[in-house]
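*Asks:* As annotated in TrEMBL:
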type	residues	note
BINDING	Gly102, Ala104, Val105, Asn109, Ser336, Asn368, Leu486, Asp489, Ser490	Na(+) binding site
COMPBIAS	12-21	compositional bias 'Basic and acidic residues'
REGION	1-21	region 'Disordered'
TRANSMEM	94-113	transmembrane segment
TRANSMEM	125-145	transmembrane segment
TRANSMEM	165-195	transmembrane segment
TRANSMEM	250-267	transmembrane segment
TRANSMEM	279-300	transmembrane segment
TRANSMEM	329-350	transmembrane segment
TRANSMEM	362-383	transmembrane segment
TRANSMEM	474-495	transmembrane segment
TRANSMEM	516-543	transmembrane segment
TRANSMEM	549-569	transmembrane segment
TRANSMEM	590-613	transmembrane segment
TRANSMEM	633-652	transmembrane segment
Amino acid sequence: MANTAHLVRRQSSRDLHAQRSVDRLELKEMRGRLVVENGNTGPSYGATNMAFDDTSPNARIKSTLSSKRTSIDGKPIFKPEGAEDERESWDSKLTFLLATIGYAVGLGNVWRFPYLAQKNGGGAFLIPYFVMLAIEGIPIFYLELAIGQRLRKGAIGVWNQVSPYLAGIGISSAVVSFNVALYYNTIIAWCLFYFAQSFQSQLPWAECPKIHFPNLTYTQEPECVVSSPTQHFWYRSTLMVSEDISNPEMFNWKIGLALILAWMVVYMCMMKGIASSNLIVYVTATFPYIVLIIFFFRGITLKGAFDGLHHLFTPKWHTLLDPVVWLEAGTQIFFSLGLAFGGLIAFSSYNPVNNNCYRDAITVSLTNCFTSMFAGIVVFSIIGFKATMIYDRCLEMRNETLTSLLGPGYDDRNLPEEGTIFNITLENSTVRSLVMPKLEECDLEKELDNTASGTGLAFIIFTEAINQFPGAPLWAILFFLMLFTLGIDSQFGTLEGVVSSVSDMKLFPNMSKQMLTGTICGACCVLSMIFAHGAGSYVFVLFDNFAGNFPLLIVAFFECIAVAYVYGLNKFADDIEMMTGSRPGLYWMICWKYLSPLAMLSILVASFVEIATKGSGYSAWIASKGETEWHQWPTWAIVLILFLILASTLWIPGVAIARLFGIVIIDDNEKAWFPSSDLKDFHGIMPHEPTIAEQLLFCIRPDGSEGFCCPTAPIEDDDI
């Protein structure tokens, strides 16, 4: 094991030290002598061009002495002496933070977390939620931001530089991102359709459609009567759903057009590069919070809101002993933060080399989690209102039935059982025998439990609650516009993981990034038509359950292995210290090497066991019953599931095996610009001597090399 890892390490070292051509260095030198016309000496975010400096001889001599200079406000700024970074960069730190928050905060925060919390113990669910955040969520988020900022490439380029044998991790991330982006945009198309339908004085899902007859009479649609107006509009008017995944009835042209529009919006927002889309990011990242705050103040003023919040947060401590609760907490943390897609690595690669990625990881991760809790308060205040309305209506119907049967003075506590024959004395003293009818069962807790996650929460339960609001169309417009903005910026990050990876692979060297983005969006648009027919919603469920879940867990597991056991914890800690000025603590190193991989592996194994024991399938809409029915996946769907998982994950061993036999799949040996000596000088970093704890826990030797439990060798840092 040690010899193999040492061989991998030596190969990685050779690739990391590939020299750039003399012509390119001369070009950089010429660029470094350019002078900005307006004379501005303050650097922009990420700017390292020497043109921002005074190039007079005296100033030039002075500038070579140190990388630490003082800005106008007295704070030191980093200005390296070597060639500048040519990679696209964010125009400001705020743009990066908003883009990353927008990417991490998505639809799952609104329609998945509240359901899981209510289902898995209410307030008690927050304990496994924050434990998994601490050992799995933030450490991997931190790892991806740091490795992307250090190696300054997309996911494929990053893991190829860690070791050419591990380039398959990046390819797997890109393939998973492509598959997820393919179906995720379908949600955006559904939101666009509902958004367009909301501009009506009466919402189309407010009541059942009518069937008119020649004699000018009408009746309500029977399928709608046995279900509900919101369910009928979702399954029939929107999805045009079939009763089985194997028998799509017709092509859904409405959703097809919505998908085309959704992909056009994505392309127009990304065609100049996600790092340049600052105005779009400001809107898509902040608008959901504005709408959530509006819904919060509306929700807490509704009747039954506090019943909903009490139901959500009342702790059920016994659930902490259920391993499924911990599994679902870990899964929610993992997917809500958008880990292993490659999007975070791509985003951070556009940052300045001295950006504080540690602070960013903490900020974005906690923002994501508190957004989930705030969204839970908003959602359950409105669900409490909906449940109370149903409960009150049920009581009213029950009282009307009993009043008509027993008169106004009946005693609700001494009612006979259903079907029992009993005598009642009427006002004229006559005795009458009656049969006790079946009464409506009115239970507020049962109504509060009758919630859902995902599309069921957004397009059925929430829309039903909005129907009861005064000015319902306005609330519907706000709600679906919020879902659209939540989804679209997550889509940006997911697709950026694909675009940056393909760009770094140089598969199409003569194609501009704008054209490459358009080509990928066009291909996705064509393929996404598989979701625009009667069985499209069932195919969507298949992709949602299997295209991302298992492959992403596998990718994240190997990311931890790559950093902790191949790149080297000591070297990774040195890199972070150079970039941020502070060395990561023992806790983070323990997570990267032991706790996070163990969490990934546990979730993966537990998920496989759960599917093996409980089976897997989908909920099919049965029109005659007006309800869903559980169906197992057919054989061809199981084959598709296996294909989606294997097509994403086989790249990891495949690339390693190919490299072992001398077959080069990723030919990217150019080391990215990283001014190590300037950063050390700027932060005043001295050589780190491993502590006793580091030697015992990670087998780091006094010379910086790492032993059997982390078989790597140190790599010399040189500036380019």
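The backbone N, Cα and C atoms fix where each Cβ goes, glycine too.
A TrEMBL annotation is a machine prediction, not a hand-curated record.
Are these features on the surface or tucked inside, and what touches them?
*Replies:* Remark: Leu486 (Na(+) binding site) has Val105, Gly106, Leu107, Asn109, Val110, Pro288 as non-local neighbours, by Cβ distance under 8 Å and separation of at least 6 in sequence.
Counting only same-chain residues 6+ beyond the ends of the transmembrane segment (279-300), those with a CB under 8 A from a CB of the stretch are 95, 98-99, 101-102, 105, 269, 306, 371, 374-375, 377-378, 381-382, 385, 469, 475, 478-479, 481-482, 485-486, 488-489, 492.
Residues 46, 87-90, 96, 99-100, 103-106, 108-109, 112-113, 116, 120, 125, 128-129, 131-133, 136-137, 140-141, 144-149, 151-156, 158, 170, 173-174, 176-177, 180, 274-275, 357, 360, 365, 368-369, 372, 490, 493-494, 496-501, 548-549, 552-553, 555-556, 559, 599-600, 602-603, 607 of the same chain sit 6 or more residues outside the transmembrane segment (329-350) yet have a Cβ under 8 Å from a Cβ within it.
Long-range contacts of the transmembrane segment (362-383) within the same chain, counting only residues at least 6 positions beyond its ends with a Cβ under 8 Å from a Cβ of the stretch, are 97, 100-101, 104-105, 109-111, 113-114, 117-118, 126, 129-130, 133, 137-138, 141-142, 289, 292, 295-296, 299-300, 302, 305-306, 308-309, 311-312, 333, 336-337, 448, 451, 457, 461-462, 465.
Residues 99-100, 102-107, 109-110, 177, 180-181, 184-185, 187-188, 191-192, 194-195, 198-199, 203, 265-266, 269-270, 274, 277, 281, 283-285, 287-288, 291-292, 294-295, 298, 338, 341, 343-344, 346-347, 458, 462-463, 466, 517, 520-521, 524 of the same chain lie 6+ residues outside the transmembrane segment (474-495) yet bring a C-beta within less than 8 angstroms of a C-beta in it.
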*Asks:* Give me the non-local Cβ neighbours of Ser490 (Na(+) binding site): same chain, 6+ apart in sequence, Cβ-Cβ under 8 Å, ordered along the sequence.
*Replies:* Gly102, Tyr103, Ala104, Val105, Gly106, Leu107, Tyr184, Gly338
*Asks:* Report, as numbers and ranges, which residues of the same chain sit near the transmembrane segment (590-613): CB under 8 Å and 6 or more residues beyond its ends.
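*Replies:* Distant Cβ neighbours of the transmembrane segment (590-613) are 132, 135-136, 139-140, 143, 323-324, 327, 330-331, 334, 549-550, 553-554, 556-557, 560-561, 563-565, 569, 572, 697-698, 710.
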*Asks:* Taking contact to mean three or more C-beta pairs under 8 angstroms, with sequence separation of 6 or more, is the transmembrane segment (516-543) in contact with the transmembrane segment (125-145)?
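*Replies:* No, since the transmembrane segment (516-543) and the transmembrane segment (125-145) share fewer than 3 Cβ pairs closer than 8 Å, they do not count as touching.
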*Asks:* Below 8 Å Cβ to Cβ and six or more residues apart, same chain only. Which residues does that give for Ser336 (Na(+) binding site)?
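*Replies:* In sequence order, the residues whose Cβ lies under 8 Å from that of Ser336 (Na(+) binding site) (at least 6 apart) are Ala104, Val105, Gly106, Gly108, Asn109, Arg112, Phe113, Asn368, Cys369, Ser372.
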*Asks:* For the Na(+) site (Gly102, Ala104, Val105, Asn109, Ser336, Asn368, Leu486, Asp489, Ser490), what does the 8 A shell look like? I mean other same-chain residues with CB within 8 A of the CB centroid.
*Replies:* Ile101, Tyr103, Gly106, Leu107, Gly108, Gly338, Thr371
*Asks:* Report, as numbers and ranges, every residue of the chain located at least six residues beyond the transmembrane segment (165-195) whose Cβ falls under 8 Å of a Cβ in that stretch; write 'none' if there are none.
*Replies:* 8, 11, 107, 154-159, 238, 254-255, 258-259, 261-263, 265-266, 340-343, 345, 455, 459, 463, 476-477, 480-481, 483-484, 487-488, 490-491, 494-495, 497-498, 501-502, 520, 524, 527-528, 531, 536, 540, 543-544, 547-548, 551-552, 554-555, 558-559, 562, 566, 644, 647-649, 651-656, 659-660, 665-666
*Asks:* Mind checking which residues of the chain, 6+ beyond the ends of the transmembrane segment (250-267), have their Cβ under 8 Å from one of its Cβ atoms?
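*Replies:* Contacts with the transmembrane segment (250-267): 185-186, 188-190, 192-193, 238-240, 488, 491-492, 495, 517-518, 521-522, 524-525, 528-529, 531-534, 536.
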*Asks:* How many other Cβ atoms are found within 10 Å of the Cβ atom of Gly102 (Na(+) binding site), counting all protein chains shown?
*Replies:* 27
